[in-house]
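A.B. asks: Please find one structure pasted underneath; my questions will follow.
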Amino acid sequence: MKQILFVGLGLIGGSLASNLRYYHDDIEITAFDADTSQLDKALSIGIIDYQSTDYKTSVENADIIIYATPVQQTVKYLQDLPNYQLKKHVIITDTGSTKSTIQQYEQFLLNHDIHLVGGHPMAGSHKSGVLNAKKHLFENAFYILVHNETDNDAAFEEIQHLLQTTSAKFISTTAEEHDFVTGIVSHVPHIIASSLVHLNAQHVEDSSLVKTLAAGGFRDITRIASSNPIMWRDITIENKNTILRILKEWKNQMSDVINIIEHNNPDELYDFFNDAKVYRDQLPLKQQGALSVEYDLYVDIPDKPGMISKVTNILSLHNISISNLRILEVREDIYGALRVSFKNPQDRKDGADALSDFDTYFD
């Protein structure tokens, strides 16, 4: 039996453990977590075989160690690994959102016959903790794997083979490229979304409508600002240099936009909006990227009693689950008065088919 050790067993670690436990008969899973209540819960729902409060014994018995901990905590673990009597050719991977800080230890560990393959599963949920773990959490999500040394090629292949059951889409890249791309598509957008929310909050006293009307499109485009602030504080610190470089580019672009508006140039304004529209319309629709995704269907319903229950009853009859449902009070540029959110694009498509008697729309 191959021995797999999880260090950290929250939503991500728990979901990976759940998937491996379900699909692999040739492994045993042990978990170590400072929060022992997470271990008790994981054991009770059957996603691990053993729980451990003895880190030293656990790492020394493991064939593969998966660190599902914050990046700075993972770094401390990596620095300390050569002090233990680990198995020959032990493989290490992680689930951190930044990779450069982790991968700088690849050669250091390789000198001790410890094989590091950095990992970043680009999936998550607004819920946390092992009780919210799902074995299918990573389906169709991008899963980044990083290694620089050819001596880690075999470890890379073994980790990818082990994780194939997640049905994730694996991408191999460098730590530098990973941190640059996630900075553009995830980290900086989170900062901008939070900034927009702060801007809204600063003007609430000017008019109560600022908050009231934010219930529509503004709330949608700033949804990511509701993410875990501790996690995003740490990500921002870890990817500081890349984030600052991108933010300065964005600042310059905003200066250009201000200049266009000040000079009342309609052609340049049109180009600004149209170029963005054309590029965005070309972005993939069915792939889960760096930002968490909700698959929304907009349904046009009349303002009559029983219409919402009619929609949900139809979906229930077709065994289609929904993750959220909301009446849109402010829906400028959005078709439909009811927004129904689904867990995946297939459920959304099935929902649209089931609700064919209604006018529906999704992006």
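Keep in mind that glycine also has a Cβ here, set from the backbone N, Cα and C atoms.
Straight from Swiss-Prot, here's the annotation block:
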| type | residues | note |
| --- | --- | --- |
| DOMAIN | 2-291 | domain 'Prephenate/arogenate dehydrogenase' |
| BINDING | 3-33 | NAD(+) binding site |
| DOMAIN | 296-363 | domain 'ACT' |
A.B. asks: Just name the winner among S15, N19 (the binding-site residues) by count of other CB atoms within 10 A of its CB.
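C.D. replies: Within the set of binding-site residues, the most crowded position is S15.
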A.B. asks: Judged by the number of other CB atoms within 10 angstroms, which among L11, A31 is the least packed of the binding-site residues?
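C.D. replies: Lowest Cβ count within 10 Å among the binding-site residues (L11, A31) is L11.
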A.B. asks: With DSSP, how much of the domain 'ACT' (296-363) is helix, how much strand and how much coil, in residues?
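C.D. replies: So the counts come to 21 helix, 17 strand, 30 coil.
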A.B. asks: If H, G and I count as helix, E and B as strand, and all else as coil, what does DSSP give for I27 (NAD(+) binding site)?
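C.D. replies: DSSP assigns I27 (NAD(+) binding site) to strand.
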A.B. asks: List the same-chain residues at least 6 positions away in sequence whose Cβ sits under 8 Å from the Cβ of I27 (NAD(+) binding site), in sequence order, or say none.
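C.D. replies: Long-range Cβ contacts: M1, K2, Q3, I4, L20, R21.
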A.B. asks: Given a 10 Å Cβ-Cβ cut-off, pick out the one of the binding-site residues Q3, V7, Y23 that has the most other Cβ atoms nearby.
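C.D. replies: By the 10 Å Cβ neighbour count, V7 comes out on top.
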A.B. asks: What kind of secondary structure is S15 (NAD(+) binding site) part of, going by DSSP in three states?
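C.D. replies: It is helical.
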